[in-house]
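What follows is a set of notes on a single structure, which appears directly below.
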Amino acid sequence: MLTTHTTTPTMNHLTFSPHKLESHLITYLALNLLLTILNKRVLAQYPYPWLLTAWHALCSSMGTYLSRRLDPINSKPEHLSRSRGKNHYIFMFSILYTVNIAVSNVSLGIMSISDHLILRSTIPIIVLALTQLLHLPHKPYTRLTLLTLIPLTTGILVTTQNTQSLTPSTIPLPLLSTLLSSTTTLTLSLLQTQLPLSPLHLLHSLAPLTGIQSTLWSYMNGEIDEFLIKQISSHNSSLTSSPTGMFLLLINGIVAFLLNFSSFSTNRKTCALTMAVLGNMGLVLAMVISGVALSAAEPVLYRYMDIFGVLLVLGGGFLYILCEVKA
């Protein structure tokens with residue numbers, strides 16, 4: 001009897017289950033990595049970040065609609081009557097959510113992943129600082145958890161030291177993307193604690209608003225006109241005319257929906273700081289894969305310092321995850 005009681009909890013703790021925190025963290029990290037690479041590939045042939053954001057919103061709307069149709073009982077929002085009075089919170093957050101995604105896509109579309117990552121490496125520190133300065137509700141952080149942020153941030157700076165091409169004229173965009181991402185992560189965490197909505201229903205409410213706003217911004221920026229003119233006057237658009245390009249767009253939209261849902265679900269189970277750490281880990285992994293597998297688009301990571309920096313980031317990130325799971 002003693003043997004049974006001592007081994008069963010250990011096995012349950014090591015079991016990969018969709019209800020466990022580690023399962024949510026790993027899923028979010030994998031989807032974040034995949035979408036970063038897909039977005040980089042799509043934007044290289046399809047330089048319309050606002051239209052891409054609208055496409056992601058459309059796929060998220062369709063995904064939530066199908067999910068609710070397939071499982072109407074479990075997808076029914078709880079305490080809906082109490083949340084109707086807070087629809088203005090959802091609307092205001094949708095604006096921040098839209099601008100954050102679009103600015104990130106713009107930044108990713110015009111610069112390398114390594115440049116995109118340099119300033120975004122400070123997101124966990126910014127999230128932590130804003131949480132403390134604004135006295136936002138959060139769970140207590142252990143000293144070891146905070147120490148893991150040092151190799152996480154230092155490793156990114158080491159990894160990107162030879163691929164930096166930022167200039168005073170290009171710094172504002174990734175800096176704005178960094179501030180928006182930090183604010184969005186914190187706001188989403190607060191929103192999910194205030195509104196009695198499931199991640200699926202919250203995404204179902206946000207996606208149409210995001211799609212409308214992105215389409216309007218795309219029209220005002222001239223993206224829609226430029227896209228239509230290019231499609232009418234040219235027949236060599238590999239992305240929208242070939243089956244491979246259409247398949248890439250379809251996979252991109254599906255992964256965007258899955259990542260949005262995973263982001264909301266994971267954020268609800270953990271905290272804003274964890275989401276920021278996972279985001280940085282995903283970008284570093286994307287840079288490594290781009291350097292190895294997509295050498296035509298990104299510099300290959302040959303030097304030992306680059307490898308050491310990547311190991312620092314991944315080591316610090318996984319140590320942070322272990323601290324979170326243990327807590």
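Just so it is clear, glycine is given a Cβ too, placed from its N, Cα and C backbone atoms.
TrEMBL lists 21-38 (among others) with the feature transmembrane segment.
What TrEMBL lists as domain 'Sugar phosphate transporter' is 23-320.
Summarising the annotation, TrEMBL assigns transmembrane segment to 89-111 (among others).
Per TrEMBL, transmembrane segment is recorded for 117-134 (among others).
Annotation comment: TrEMBL describes 240-259 (among others) as transmembrane segment.
The transmembrane segment annotation in TrEMBL covers 271-295 (among others). Below 8 angstroms of C-beta separation, residues 25, 28-29, 32-33, 36-37, 40-41, 113-114, 116-117, 120-121, 123-124, 126-128, 131, 138-139, 141, 148-149, 152, 155-156, 159-160, 181-182, 185-186, 188-189, 263, 301, 310, 313-314, 317, 320-321, 324 of the same chain, each at least six residues beyond the ends of the transmembrane segment (271-295), sit close to that stretch.
For 301-323 (among others), the entry in TrEMBL reads transmembrane segment. Below 8 angstroms of C-beta separation, residues 22, 25, 142, 144-145, 148-152, 154-162, 274, 277-278, 280-281, 284-285, 287-288, 291-292 of the same chain, each at least six residues beyond the ends of the transmembrane segment (301-323), sit close to that stretch.
Averaged across the domain 'Sugar phosphate transporter' (23-320), the predicted model reaches a pLDDT of 81. Long-range contacts of the transmembrane segment (89-111) within the same chain: residues 36, 39-40, 43-44, 47, 49-50, 52-53, 56-57, 165-166, 170, 173-174, 176-177, 180-181, 183-184, 187-188, 191, 194-195, 202, 205-206, 209-210, 213-214, 217, each at least 6 residues beyond the stretch ends and with a Cβ under 8 Å from a Cβ of the stretch.
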